[in-house]
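Q: I have a structure I would like to understand better, so I am pasting it below and will then ask my questions one at a time.
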Amino acid sequence: MAAIVRISSLCHRGVKPLFHRSSLLLRPLGVQQKDQDRPYQLTARIHGSPSLYSGSGSKAASLHWTGERVVSVMLLALGPAAYYIPGPAIDYSLAAAITLHSHWGIGQVLTDYIHGESKIKVANACLFLLSTVTFAGLCYFNHNDVGICKAVALLWSK
């Protein structure tokens with residue numbers, strides 16, 4: 001049987017707790033006793049990351065999640081399309097999809113690991129700058145050079 005130890009209970013001896021108590025969530029765990037068939041309840045504390053859509057309801061979060069999945073599936077479809085029918089439309093679609101997919105992925109990492117209001121604002125500003133430069137660079141490459149599809153084909157041919 002696994003033991004559940006709260007790290008924050010060890011931090012009351014003059015050390016600042018890792019998580020603020022207001023951001024901890026309670027979640028019941030069902031654990032089977034050895035001699036009985038019915039589970040008894042334990043309480044585990046879970047750190048909840050702040051939601052980007054907490055004020056706008058679950059509809060916006062659901063649409064965002066669906067959009068992420070659509071972009072992921074679109075990237076899967078653009079791979080073979082880029083191989084079989086390379087062209088400017090596929091190049092620019094790849095530029096947009098890669099940038100958007102990367103932006104959302106890095107945004108989730110920032111949401112999980114950056115804490116503090118000012119740090120979050122700086123990190124998000126840097127993320128928007130990085131995404132803008134990435135998209136502009138890929139579009140510049142598509143317009144002034146061979147494009148993403150042909151560049152990958154040239155890399156594979158050598």
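Even glycines carry a Cβ here, placed using N, Cα and C.
What TrEMBL says about a protein is an automatic prediction, not a curated fact.
Copying in the features that TrEMBL gives for the protein in this structure:
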| type | residues | note |
| --- | --- | --- |
| BINDING | H101 | heme b binding site |
| BINDING | Y113 | ubiquinone binding site |
Q: Expressed to the nearest Å, what is the distance separating H101 (heme b binding site) and Y113 (ubiquinone binding site) at their Cα atoms?
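A: Distance between the two Cα atoms comes out at 19 Å.
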Q: Near H101 (heme b binding site), how many other Cβ atoms are within 10 Å of its Cβ?
A: 15
Q: Would you mind checking how many other C-beta atoms are within 10 angstroms of the C-beta on Y113 (ubiquinone binding site)?
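A: The Cβ of Y113 (ubiquinone binding site) has 9 Cβ neighbours within 10 Å.
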